[in-house]
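If you check TrEMBL, you get these features:
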SIGNAL    1-23  signal peptide
DISULFID  C33-C48  disulfide bond
DOMAIN    63-217  domain 'Cupin type-1'
BINDING   N107, H112, E117  oxalate binding site
BINDING   H110, H112, E117, H162  Mn(2+) binding site
Amino acid sequence: MTTSSSILLLAALLALVSWQAIASDPDPLQDFCVADMHSPVRVNGFVCKNPMEVNADDFFKAANLDKPRVTNKVGSNVTLINVMQIAGLNTLGISIARIDYAPLGQNPPHTHPRATEILTVLEGTLYVGFVTSNQPAPNRNKFLSKVLNKGDVFVFPVGLIHFQFNPNPHQPAVAIAALSSQNPGAITIANAVFGSDPPISDDVLSKAFQVEKNTIDYLQAQFWENNHN
């Protein structure tokens, strides 16, 4: 009985370790796998384009990331370059984004379900932070934050809620972020909770947030603008 229990425990541990090992974009098995966007075959990612048809443009985009962007009503604009813009990123597990912040603008609380993010401030000042998961105390929902200046770097771990805010009322800010997925995804918390289609029941949300239903109805009636391009 003891031997059987030990084997089961070992198997469970190996399964957990294996899951952690594959909980990110898979490593490529060849030099590249340029995405074939026209293939009818559906896989996790994209089918490889015939390597004989690959050319330099498959790895290039004139993205003009040196040019400022117009920000939206929350005061930010995220210009993401992922596999949908550069087919050569398929299977390479990386993407990049330019983020513009208006004075007092923010990239509101959001998560990237498939990527860790490393952010560099190019211009201005940013107040940034993330919140840990519902792990055991004392680190349950712990808020970690920092004020970043030009040239500073900050990391947001995969899947955790995070934000950036420009505290300067007079000057814009700019940052570049690298993300550890060809398609990191973004879930803006307010948009997802109050702007879902169809709406989440106000019975559910009023109980979850411990507020009156009319407060939920007001929030759901707002226009939740997407700042990701």
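Each residue, glycine too, has its Cβ placed from N, Cα and C.
Here the features listed in TrEMBL are painted onto the structure.
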| residue | record | contacts (Cβ under 8 Å, 6+ apart) |
| --- | --- | --- |
| C33 | disulfide bond | F46, C48, K49, N90, T91 |
| N107 | oxalate binding site | V74, S76, V78, I99, Y101, F163, Q164, F165, N227 |
| H110 | Mn(2+) binding site | I161, H162, F163, A186, I187, T188, I189 |
| H112 | oxalate binding site | F156, V158, G159, L179, S181, P184, G185, A186, I187 |
| E117 | oxalate binding site | V155, F156, H162, A177, A178, L179, S180, P184 |
Starting from each candidate's C-beta and looking 10 angstroms out, tell me which of the recorded positions C48, H162 has the most other C-beta atoms.
H162
In the predicted model, what is the mean pLDDT computed over the domain 'Cupin type-1' (63-217)?
96
